[in-house]
Amino acid sequence: MARLGTACPALALALALVAVALAGVRAQGAAFEEPDYYSQELWRRGRYYGHPEPEPEQELFSPSMHEDLRVEEQEQQEPHQQGHRTPKKAIKPKKAPKREKLVAETPPPGKNSNRKGRRSKNLEKAASDDHGVPVAHEDVRESCPPLGLETLKITDFQLHASTSKRYGLGAHRGRLNIQAGINENDFYDGAWCAGRNDLHQWIEVDARRLTKFTGVITQGRNSLWLSDWVTSYKVMVSNDSHTWVTVKNGSGDMIFEGNSEKEIPVLNELPVPMVARYIRINPQSWFDNGSICMRMEILGCPLPDPNNYYHRRNEMTTTDDLDFKHHNYKEMRQLMKVVNEMCPNITRIYNIGKSHQGLKLYAVEISDHPGEHEVGEPEFHYIAGAHGNEVLGRELLLLLLHFLCQEYSAQNARIVRLVEETRIHILPSLNPDGYEKAYEGGSELGGWSLGRWTHDGIDINNNFPDLNSLLWEAEDQQNAPRKVPNHYIAIPEWFLSENATVATETRAVIAWMEKIPFVLGGNLQGGELVVAYPYDMVRSLWKTQEHTPTPDDHVFRWLAYSYASTHRLMTDARRRVCHTEDFQKEEGTVNGASWHTVAGSLNDFSYLHTNCFELSIYVGCDKYPHESELPEEWENNRESLIVFMEQVHRGIKGIVRDLQGKGISNAVISVEGVNHDIRTASDGDYWRLLNPGEYVVTAKAEGFITSTKNCMVGYDMGATRCDFTLTKTNLARIREIMETFGKQPVSLPSRRLKLRGRKRRQRG
């Protein structure tokens with residue numbers, strides 16, 4: 001009794017200490033319920049790097065697991081006391097394989113489907129409650145989308161690695177299809193590369209929520225000079241980044257076959273989907289003459305987590321009822337027909353020609369009077385798919401078609417005004433041959449270039465005639481008479497010959513742009529997030545990058561900014577660069593030549609050969625995003641696509657007529673201080689894109705007296721009306737009179753010579 005009496009105070013003290021400890025653990029657990037995710041992340045990282053050895057947390061495991069852990073700790077302590085050698089049995093937890101097997105053994109299909117559903121839910125709940133052991137699911141295989149390494153949905157903070165050679169080869173560069181810069185020894189290299197070549201290296205993705213992992217896609221290092229790739233690897237998963245379970249193949253660890261070269265992606269599906277938060281890739285072999293380097297994408301389905309405030313806050317949804325899927329050629333044509341049937345009064349389907357393999361290049365016109373050019377109404381176009389593997393632009397334009405039709409039918413005032421005041425042309429797929437090749441590869445396995453070129457191997461983006469060189473050579477010859485105008489520069493004869501290396505698709509676009517008096521256009525591309533404006537070609541010889549502005553540089557800057565500033569991500573200073581270039585210093589815009597020089601681009605050709613101001617719009621880091629990404633990409637670009645079309649109504653517009661009120665075609669419109677002219681269309685109407693300000697504008701035409709007036713451009717949307725009435729010159733009137741009476745006018749020089757000859761004969 002005395003012993004019991006003395007033991008009671010000690011027992012009470014121990015119970016009090018346990019209560020305090022449990023309260024501390026509860027307080028610590030409560031931190032996970034805070035809405036500020038980043039506080040949780042900092043706490044987790046401190047624990048991750050501060051405790052390299054796993055420490056069991058009492059509240060995160062079930063009571064049955066406490067006994068297993070105690071048994072395991074005893075087995076681990078005894079060898080250390082006997083010689084510090086751990087037997088192989090102590091490496092694997094005892095209960096983890098049993099639990100894994102238990103969950104994997106789902107019952108066969110039975111009559112009571114509700115019972116099976118309840119058991120599946122209970123198993124997933126057990127997986128979510130057990131933060132230490134991942135769960136394998138052997139249910140019907142679900143096709144899971146990529147987590148988003150390539151699309152940057154997975155942030156740099158979610159990527160970790162055992163070691164890295166340097167910052168430019170860190171874990172944050174281990175993204176599928178990421179591209180290296182010209183100088184590969186900078187911060188923007190083409191893969192994650194381990195600091196050492198041994199079997200202890202790994203790269204890890206933190207999904208930040210329970211995820212059903214189903215597969216891994218890998219690539220080698222993107223480099224012009226080096227050959228580095230991983231030829232085999234293991235896959236491990238975890239719920240706490242300390243206790244890891246290796247994907248098994250029977251009783252042993254499964255070795256996945258990796259890459260045999262550095263660019264073609266290789267997909268490996270897990271034999272059984274694994275539910276966990278973390279996934280780790282552990283290279284086992286690599287190219288003999290290279291290093292451990294890889295790029296990757298993870299396939300997985302995030303499990304619903306209503307208690308996670310961070311993910312609910314960042315989920316992207318759309319209210320537009322559109323067809324969010326990838327459309328092959330047949331499906332694209334069918335969607336166009338559906339839109340045309342929905343809105344027959346404002347749409348028209350036509351084709352501008354055929355591809356190398358005979359596929360028609362379909363376009364859709366949207367106008368209140370489809371099929372005709374209305375005097376005073378500007379023409380606008382969108383083009384996508386010049387590179388067949390840059391699929392996002394194609395799908396965005398198909399979504400735009402459907403959206404404009406729906407909103408016009410719903411009497412959306414903004415869309416109705418746009419359709420009634422603009423003639424819109426949309427060409428979703430300029431290179432359908434290349435697209436079909438990329439479509440066969442799929443959104444993740446096509447690599448960076450499959451389907452980029454036409455069927456005959458031509459890059460349409462730089463297949464147009466180089467008119468820049470003709471213009472600049474003429475400008476450099478100041479003493480010689482001007483042979484090349486500053487606009488409507490003629491296409492060289494060699495380019496028009498049948499033997500010229502010109503794609504069928506390129507010739508079709510040129511004929512299309514010569515036929516329709518486009519004022520503004522945008523060609524949608526992929527692989528970056530920026531708007532590029534001309535010139536695209538540098539003026540200085542032997543330079544690959546140099547800012548080369550057009551005479552309308554201020555207008556082009558505004559047009560580019562109008563798209564970028566209304567895009568959800570382009571001007572976001574917090575966003576990560578896609579590959580190597582940081583375009584935030586110019587608010588998501590760039591002069592094409594200062595980025596990289598391109599001779600014969602569509603932008604430069606359009607500016608120098610037609611009236612059209614053309615820009616390249618790079619709509620996403622991922623050229624070919626998964627279908628699940630399309631709603632978010634539509635939300636990112638929808639407002640920008642509409643705002644850019646509305647810019648066709650900025651500047652001045654008018655009609656150039658003669659005294660009888662007839663429109664004068666091919667009249668030249670010049671703006672003082674801008675060394676670039678435009679011309680009137682067949683009805684005498686014109687549109688000149690200008691920023692707000694006061695301008696001195698001149699209209700001139702052959703056989704007419706030049707007319708000049710001041711035109712004011714305001715800040716409000718809508719072009720300022722600036723009409724001209726030209727009077728014929730005396731010589732033109734004489735010629736007109738003589739032609740009316742069937743006689744040719746007598747030229748004055750020849751008449752004077754005849755009079756002189758008569759006088760000489762009379763004197764002689």
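Cβ coordinates are placed from backbone N, Cα and C, and glycine is handled just like the others.
Within the set Cys8, Cys293, Cys301, Cys343, Swiss-Prot assigns Cys301 as the partner of Cys144, by disulphide bond. Neighbour count (other Cβ atoms within 10 Å of the Cβ, all protein chains): 11 for Asn249 (N-linked glycosylation site).
Taking the Cα of Asn289 (N-linked glycosylation site) as the reference point, the closest of the recorded positions Asn239, Asn249, Cys301, Asn345, Asn499 is Asn249. Across the residues of the domain 'F5/8 type C' (142-301), the predicted structure has a mean pLDDT of 94.
Reported as a whole number, the C-alpha separation between Asn345 (N-linked glycosylation site) and Asn249 (N-linked glycosylation site) equals 61 Å. When the neighbouring Cβ atoms lying within 10 Å are counted for each of the glycosylation sites (Asn239, Asn289, Asn345, Asn499), the highest count belongs to Asn239.
Around Cys144 (disulfide bond), the same-chain residues six or more apart in sequence whose CB sits under 8 Å from its CB are Lys212, Phe213, Thr214, Gly215, Pro273, Leu299, Gly300, Cys301, listed in sequence order.
Within 10 Å of the C-beta atom of Cys301 (disulfide bond) sit 17 other C-beta atoms, taking all shown protein chains into account.
In three-state terms derived from DSSP, Asn239 (N-linked glycosylation site) belongs to neither a helical nor a strand segment and is classed as coil. It is 58 Å from the Cα atom of Asn249 (N-linked glycosylation site) to that of Asn499 (N-linked glycosylation site). Reported as a whole number, the C-alpha separation between Asn499 (N-linked glycosylation site) and Asn239 (N-linked glycosylation site) equals 63 Å.
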